[in-house]
Amino acid sequence: MEQTYVMVKPDGVQRGLVGEIISRIEKRGLKIVALRMNVISEATAKEHYSEHAAKPFFPGLVGFITSGPSVSMVVEGKDAIRVMRAINGATNPVDAAPGTVRGDFALDVGRNVVHASDSPEAAAREIAIHFKDSEIGNYSRIDEVCLYE
């Protein structure tokens, strides 16, 4: 099964959307194998978003991500990366379809509630930034036999 990294950003936590987002993840047949709420350090935020370091919005992004608690998760399932990106919707909420997390809840491209890895390489890198291997669980959902061929 594929794993991906998902973060409910500080705006999602502050607006009480954590339970709604987790519910949507689980209803799609994905499972959460690691979960933590914490305030991400500046160093971790810079490492996580290092591909944006030269962009003008980088300082604001780091400031926002470190401004309050966020919820980090490792999500696992068949095509987990693609499925999570579909659950989240387009990065810019103006382009996000209704029924997606961002389409339903995001207010602005800079306050778009949630992050998910966009590739297997990004998922592996982001999971390693936020979790030790020993923090990632391994279990089977009782309905897995019905969910996957």
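Backbone N, Cα and C atoms are what each Cβ position is placed from, and that goes for glycine too.
Its Cβ placed at the centre, Asn112 (ATP binding site) has 22 other Cβ atoms within 10 Å. For Lys9, Phe57, Arg85, Thr91, Arg102, Asn112, the entry in Swiss-Prot reads ATP binding site, with the evidence type sequence analysis.
Residues or ranges marked as active site, pros-phosphohistidine intermediate in Swiss-Prot: His115. In this structure, His115 (active site, pros-phosphohistidine intermediate) is part of a beta strand by DSSP. Here His115 (active site, pros-phosphohistidine intermediate) comes close to Tyr5, Val6, Met7, Lys9, Asn88: these same-chain residues lie at least six apart in sequence, with C-beta atoms under 8 angstroms from its C-beta.
Counting only same-chain residues at least 6 apart in sequence, those with a Cβ under 8 Å from the Cβ of Phe57 (ATP binding site) are Gly110. Largest Cα to Cα distance within the recorded ATP binders Lys9, Phe57, Arg85, Thr91, Arg102, Asn112: about 22 Å as a whole number.
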